[in-house]
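Visitor: A single structure is presented below for examination.
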Amino acid sequence: MHFGIPSLFYLYILFSIIMRIKCVITKNLKKTKKRTCSYIPHGNMEKGIILNYIEKPNPAYLKRGKNKNKNKNKKGDIYKLRNVEILLYANRYVHEGNENFSSTTKKLLLTPKVGNKMPEGKKPDWFHVAAPTVAKYNKLKDDIKKLNLHTVCEEAQCPNIGECWNIGTATIMLLGDTCTRGCKFCSIKTSSNPLPPDINEPFNTAKAICEWNIDYVVLTSVDRDDLPDGGASHFAKTVELVKFSRPDILIECLVSDFQGNIDSVRKLAFSGLDVYAHNIETVKRLQKYVRDKRANYDQSLFVLKTAKEINPQLYTKTSIMLGLGETKEEVIQTMYDARKNNIDVITFGQYLRPTKNHLSIVQYISPQMFEYYKEEGLKMGFKYIASGPLVRSSYKAGEYFIKNLVNQRNKDKKN
């Protein structure tokens, strides 16, 4: 086809117009995307200002670095923050503020994710723990190794291992060291087909516990969905052997949900244990982000409620990790749900990321907030609450729980 000079000129004009339109569209898209971000005044975190900037994003902001003074807004100096930062600030108000304005900030609810940016700055001072005393620590470690046992203290990289092992307390992990589930917060190794349970484990566990001469022991396990009863009979046999050797000892069993199998729950509930524990782990909204897809909030509550109904003499217990993006309102609601299902004891601790392949921490919760949750929980009627940054489900379980039981018993005698 032959084009004359006028035709080429018109094609050039048409091409220029198309490119111009494309540039305008691209620019508008970028501007639209930019305006969907939220901006807040740096150093001024008042509730009203946060909500104002969340609902009506202002494109005027103060860039970090050079040309600061050229980008001032009538409302004050504005810093452009990434979405994750603005959400973190807003969540702090929802989590720690006196007023509840979560309805306005529903779209800001945070979720944890592997690989997300961790909170800035060094780890708070309250996470510093003392080094273990060598003698007691080594003795306990040798006993566990000699009897081919596993502890959740080691497998889950618990920060309190030195403190607990120094006083001769360990949480023994039954059914091997490999879990059939893959929760995103847990460092225990996983497999869909782990080795069969060690038939000598119940006997070795009873032997170790008798040698340690302790008053309270916690038995836990990995999830074993590959076993017909989830490992309930193995648990029950261990409890029976320990109680036969030491009838006076108090036994807490921190178990899986057994996939909601009532027969498994019944088997364990009548084994002779004193405390039936199963962890909810997090608030309802965050379950799918934190736990394996086979676990869920309602099933966990059902298992604890069923255990109590089967054997009313049992104490039931659960635990929640904080710092995964939950709000204060959600934590309070979780406590209400636990009490509604007749759970006696609840513990709160700060989630700490085991490795970079696990969920990032969304927020460090202050000791004051842990104390607040404890006070609120006691008002709801929990028999005992352990709440603090380094508290874990099994952390000083005997010391806390026995002390509470004694106090409650003495109070009942007076009445």
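Cβ coordinates come from backbone N, Cα and C, glycine included.
What Swiss-Prot shows for this protein is this:
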{"type": "SIGNAL", "residues": "1-23", "note": "signal peptide"}
{"type": "BINDING", "residues": "Cys153, Cys158, Cys164, Ser394", "note": "[4Fe-4S] cluster 1 binding site"}
{"type": "DOMAIN", "residues": "165-383", "note": "domain 'Radical SAM core'"}
{"type": "BINDING", "residues": "Cys179, Cys183, Cys186", "note": "[4Fe-4S] cluster 2 binding site"}
Visitor: To test your reading of the [4Fe-4S] cluster 2 site: which residues beyond Cys179, Cys183, Cys186, same chain only, put their Cβ within 8 Å of the Cβ centroid of those residues?
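Guide: For the [4Fe-4S] cluster 2 site the neighbour list reads Arg181, Gly182, Phe185, Ser187, Ile188, Thr190, Val222, Asp223, Asp292.
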Visitor: Which residue, out of the binding-site residues Cys179, Cys183, Cys186, shows the minimum number of other Cβ atoms inside 10 Å of its Cβ in this structure?
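Guide: If we count Cβ atoms within 10 Å for the binding-site residues Cys179, Cys183, Cys186, the smallest count is at Cys183.
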Visitor: Three-state secondary structure of Cys183 ([4Fe-4S] cluster 2 binding site) from DSSP?
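Guide: DSSP call for Cys183 ([4Fe-4S] cluster 2 binding site): coil, neither helix nor strand.
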